[in-house]
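Undergrad: Provided herewith is a single structure, encoded as structure tokens, for subsequent inquiry.
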Amino acid sequence: MGCFNFIKVMMILFNMLIFLCGAALLAVGIWVSVDGPSFVKIFGPMSSSAMQFVNVGYFLIAAGAVLFALGFLGCYGAQTESKCALMTFFFILLLIFIAEVAAAVVALVYTTLAENFLTAVVVPNIKKEYGSQKDFTQVWNSTMAGLKCCGFTNYTDFEGSPYVRKNGTFPPYCCYDSVNNSFMEPCNNFTAHNMSVQGCFKQLLYDIRTNAVTVGGVAAGIGGLELAAMIVSMYLYCNLE
């Protein structure tokens, strides 16, 4: 088998994997959209944290659809030796790569701006839905229990919420004593203020920074695969008659 044919086979196998990953993400996205609480129970607090900031179901459906189409395009281009399909595959992957780099730069440089924007979106929802909307409340409870945090910024996010109006106290997670691994009761305004439990957004950022090597390694690996796929597709394109 010549070098060209070997690379062609590798291109097909690689894109079959992308195709299958896209199909899996589509399936999970549909599942999350239909039954979010079950998703949280299985995948734990990090998944519930993500659900506070983006609509995970729609995000996974969109990402799955892109990967599904990209995998099909790569397989088709390599198998049929279509220069048009290979060039389209290359440019789509290039756009995705540029978007990922831009998103990473924005996330690093404008973390405070992102926090302010998310605060304006998430906090009003907490005040409106927590304690009255079952799925929303369950997702937040899973987040706070898993990350040992309280609200998006702190306990004041729950002021005026259906939960506080009904119970006269804040969620117990806002009065968590990390030293004794217990909840202080009753979790009223005075206790919650004195406990000063970290907000979930800052706690999530802390966890990400703590695992920066792992996060960076995964990001570098994905970027490397994308660059390799672009190089291979361009190699095939240039060697086709």
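Cβ coordinates come from backbone N, Cα and C, glycine included.
Since this is a predicted model, take the numbers as computed values, not measurements.
Found this in Swiss-Prot, in case it helps:
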type: TOPO_DOM; residues: 1-11; note: topological domain 'Cytoplasmic'
type: TRANSMEM; residues: 12-32; note: transmembrane segment
type: TOPO_DOM; residues: 33-52; note: topological domain 'Extracellular'
type: TRANSMEM; residues: 53-73; note: transmembrane segment
type: TOPO_DOM; residues: 74-88; note: topological domain 'Cytoplasmic'
type: TRANSMEM; residues: 89-109; note: transmembrane segment
type: TOPO_DOM; residues: 110-211; note: topological domain 'Extracellular'
type: CARBOHYD; residues: ASN141; note: N-linked glycosylation site
type: CARBOHYD; residues: ASN154; note: N-linked glycosylation site
type: CARBOHYD; residues: ASN167; note: N-linked glycosylation site
type: CARBOHYD; residues: ASN180; note: N-linked glycosylation site
type: CARBOHYD; residues: ASN189; note: N-linked glycosylation site
type: CARBOHYD; residues: ASN194; note: N-linked glycosylation site
type: TRANSMEM; residues: 212-232; note: transmembrane segment
type: TOPO_DOM; residues: 233-241; note: topological domain 'Cytoplasmic'
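Describe the structural surroundings of these features, if you would.
TA: For the topological domain 'Cytoplasmic' (1-11), same-chain residues at least 6 beyond its ends with a Cβ under 8 Å from one of its own Cβ atoms are 74, 78, 81, 229, 232-233, 235-236, 239.
Packing against the transmembrane segment (12-32) from elsewhere in the chain are residues 38-39, 51, 56-75, 78-79, 229, 232: each is 6 or more residues past its ends and has a CB under 8 Å from a CB in it.
Residues 8, 11-12, 14-16, 18-19, 229, 233-234, 236-237, 240 of the same chain sit 6 or more residues outside the topological domain 'Cytoplasmic' (74-88) yet have a Cβ under 8 Å from a Cβ within it.
Using a Cβ-Cβ cut-off under 8 Å and counting only residues 6 or more beyond its ends in the same chain, the transmembrane segment (89-109) has close neighbours at 66, 70, 73-74, 77, 219, 222-223, 226-227, 229-230, 233-234, 237.
The DSSP secondary structure for ASN141 (N-linked glycosylation site) is helix.
According to DSSP, ASN154 (N-linked glycosylation site) sits in a coil region rather than a helix or strand. Counting only same-chain residues six or more apart in sequence, the Cβ atoms lying under 8 angstroms from the Cβ of ASN154 (N-linked glycosylation site) belong to CYS174, SER196, VAL197, GLN198, GLY199.
Listed in sequence order, the residues of the same chain lying 6 or more apart from ASN167 (N-linked glycosylation site) and placing their CB within less than 8 Å of its CB are GLY131.
Taking Cβ-Cβ distances under 8 Å and a sequence gap of 6 or more within the same chain, ASN180 (N-linked glycosylation site) has no neighbours at all.
Same-chain residues at least 6 positions away in sequence with a Cβ under 8 Å from that of ASN189 (N-linked glycosylation site) are, in sequence order, TYR155, PHE170.
Classification of ASN194 (N-linked glycosylation site) by DSSP places it within a helix.
With a cut-off of 8 Å between Cβ atoms, the residues of this chain six or more beyond the transmembrane segment (212-232) that come close are 7, 10-11, 14-15, 74, 89-90, 93-94, 96-97, 100-101, 104.
Remote same-chain residues near the topological domain 'Cytoplasmic' (233-241) are listed as 4, 7-8, 11, 74, 77-78, 81, 83, 86-87, 89-90, 93 (criterion: CB distance under 8 Å, separation of at least six residues from the stretch ends).
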Undergrad: At a 10 Å cut-off from the C-beta of ASN141 (N-linked glycosylation site), count the other C-beta atoms across all protein chains.
TA: 17
Undergrad: Restricting to the same chain and to sequence separations of six or more, state which residues have a Cβ under 8 Å from that of ASN194 (N-linked glycosylation site).
TA: none
Undergrad: Translate the DSSP assignment of ASN180 (N-linked glycosylation site) into the three-state scheme.
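TA: SS state of ASN180 (N-linked glycosylation site) = coil.
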